[in-house]
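Database features, via TrEMBL:
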ACT_SITE  B:D167  active site
BINDING   B:G88, B:E111, B:L112, B:N144, B:S145, B:L164, B:T242, B:E243, B:E244  S-adenosyl-L-methionine binding site
COMPBIAS  B:1-21  compositional bias 'Basic and acidic residues'
COMPBIAS  B:22-32  compositional bias 'Polar residues'
REGION    B:1-35  region 'Disordered'
Amino acid sequence: MEEHDIDESEQKLEAEVAPALIAVHPDQKFVSVAVGSDLRVFNLQHGSAAQLSDETGGHKDSIRSIRFSKSGNLFVSGGDDKLVRVWDTDSWRCVYSVVSEKRVTSLAVSGDDKFITFADKFGAVYVVDIGDYNEENLAPVDKKAVPILSHYCSIITRLDFSPDGQYIISADRDFKIRVTLFSKECLKGAHEIQCFCLGHTEFVSCLAFFSSCDYGQSLLVSGSGDSTVRLWDYASGSLLDTCGLGTKAGLLNSNQKEEDVLPAVIDLCETSDRSLVAAAIQSLQGIMLLRCNFSARTLTIAKVVSVAGETFIPTSIAAASSVPLLWMVMGASSLSATDSALLARVRVVSGFGTDHSESVVPESLVIEDKEIPGGEPLLQALQGKLTIGEEAFSTAAEAVKTAMRNLLIKKQYSAERRDFRKRGRNDKKNQP
Amino acid sequence: METKGEESSPTDGDKMLEHDSISNSTTHSKTTGLPRKRFYRARAHSNPLSDSHFPVPISPAHFENDCTAHFPKFFPNGSKKIEFADIGCGFGGLLISLATLFPDTLMIGMELRDKVTEYVKERILALRASSPGRYDNVSVVRTNSMKYIPNYFEKAQLTKMFFLFPDPHFKEKNHRRRVISPHLLDEYAYVLKVGGIIYTISDVEELGAWMTGCLDDHELFEPVTEEELAADPVVELLSTATEEGQKVARNEGQTFRAVYRRIASSHAR
């Protein structure tokens, strides 16, 4: 009996659901959505879907990370098929293909477009030198990746460069954020750790930055499974402020059943003017906008933007650096073995003005489908279809939540179960 | 249960002692009050890759609060920080020797196997009781140091780190379980002060060569010269103070030592 129960629970873990992801070109020339192994790109200048040309046939398994480089010239994608693809955003040709030993969890491109870094599920971070990129060369080039740093046996959840490009920052499921010096000689490894940002009490899921010209510095913000967003001085590792979003998100869903686990913060994203950071939280239908007070070094909730009319809980959010819009996607790869349909729903938040002084509450709101740049063709291209059944939403939300929990939260076994497993161990079997 | 047994440790002679506070069980020697190893038998290895189910401090600041319990004689009025860490301290032989050699330095052993940690804890308590005023600067924690070093120590906090007779993990696929590896050295360099020393020793030639190789290739470490080694009283303890070292000496085995100094990075220089 017991054995049966265990088998069942372990089978459930097998079905891994990947959340849908969204990325926006810095000048909003393109919007890309990844769902399952499907990579969709919409060209907003032409008003049509971009045709990706990839001789190797695209991704074979769930995509876990997509990103435009700061310049917008490159786009990177990677995931469970252990491949990293680098695309030229002019031609949407795959210009580099890098094989990883393990599944890829996160990607980042250095500010000068010279290095691609990616993290794998075993805690290693690799760098690929693409400084020799040549547009004339049409054939995709296979590149070797060099390991530069590692989080011992952890899963790295997010990788990013600090805005000044001086540090590479990696977050993991063991509550850690590591800040490491990143130099031009990074191919020899990134050995010098600047600091660790320690304070989260669950997996760290996402990173973003607040930058202020007035103060000439930027601060790191991180979201976590502990339902908080924290503000850090990433040069020293000091925790400056902690903002609990869980209770606030919980209040909005008071009609839902009491949750035993606090809702995790799943994504963070700077708004175009960099004065606010948007946060997506499990079970919150919408986003929260956070503001940082640089002089007081505090973090506060500026506003909650909710989505009315449908159960829309974003799985990924993104923004261009020059257009005051915030893009959100909700969706998941195959929800069950029998149903291979991919779900993706795109929504947009507008109303990020230029004036973001302390007292002004941004008048942001979720805009209607017809007002979205690119209109119906964009939705058709990125969602796959225009209308989505309400039922699919709640299934997707639940599936994404479970998958994240299974992947990143340590399994707690009862004492009985641990004993049971010990009995089955090989070294005990041979004993009388 | 039999309560009379051989001496578990030769360190404290035959002094008769009474300290009921500790030896309320049958697991301690009646003559020395020290815990007896036979009651702390543990598996020789523990998987460093598996998820840990013991408490880990959230940050070094949190761990500092725990230090009151670890070093009651030094806290709370003292602002001393731990300076030595013995990674994989085993039964604690080195720590016990170091404790009297550096009576004013706080030091901690880190060990993954819970029964072994328990033994070292009892051993220290027994020694503190039998020789008041000594051994107050030494303690032990159960942890996976390969995973959680940054949770215990701040940047540049330590002056010495010890890796004595670590598991060799011969198979290539298990090399990532070795406690000295190019990427883990980054973390050790982070917690070591510039000028701090990392001591490694093994009786396995292959592992000795591996550790020397890793340290040689790392930009933040340089070898300590032979003259300095000869002058350092700690070096001799590497092979004589630990239980593993004594075993090797009994079998007239060879040991392979690598002692390196943390240097400033080229960025800082």
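Cβ coordinates are placed from backbone N, Cα and C, and glycine is handled just like the others.
On the structure: features taken from TrEMBL.
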residue: B:G88; record: S-adenosyl-L-methionine binding site; Cβ neighbours (10 Å): 22
residue: B:L112; record: S-adenosyl-L-methionine binding site; Cβ neighbours (10 Å): 23
residue: B:S145; record: S-adenosyl-L-methionine binding site; Cβ neighbours (10 Å): 26
residue: B:D167; record: active site; Cβ neighbours (10 Å): 17
residue: B:T242; record: S-adenosyl-L-methionine binding site; Cβ neighbours (10 Å): 25
residue: B:E244; record: S-adenosyl-L-methionine binding site; Cβ neighbours (10 Å): 21
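Straight-line distance linking the Cα atoms of B:L112 (S-adenosyl-L-methionine binding site) and B:D167 (active site), rounded to a whole number, equals 12 Å. Per the record's binding annotation for S-adenosyl-L-methionine, residues B:G88, B:E111, B:L112, B:N144, B:S145, B:L164, B:T242, B:E243, B:E244 show a top Cα-Cα distance of 21 Å. Under the three-state DSSP scheme, B:L112 (S-adenosyl-L-methionine binding site) falls in the coil class. Separating the Cα atoms of B:T242 (S-adenosyl-L-methionine binding site) and the residue listed as 'active site' is a whole-number distance of 14 Å. It is 11 Å from the Cα atom of B:E244 (S-adenosyl-L-methionine binding site) to that of the residue listed as 'active site'. Separation of the C-alpha atoms of B:G88 (S-adenosyl-L-methionine binding site) and the residue listed as 'active site': 9 Å, rounded to the nearest whole number. Distance noted between the C-alpha atoms of B:D167 (active site) and B:S145 (S-adenosyl-L-methionine binding site) is 14 Å.
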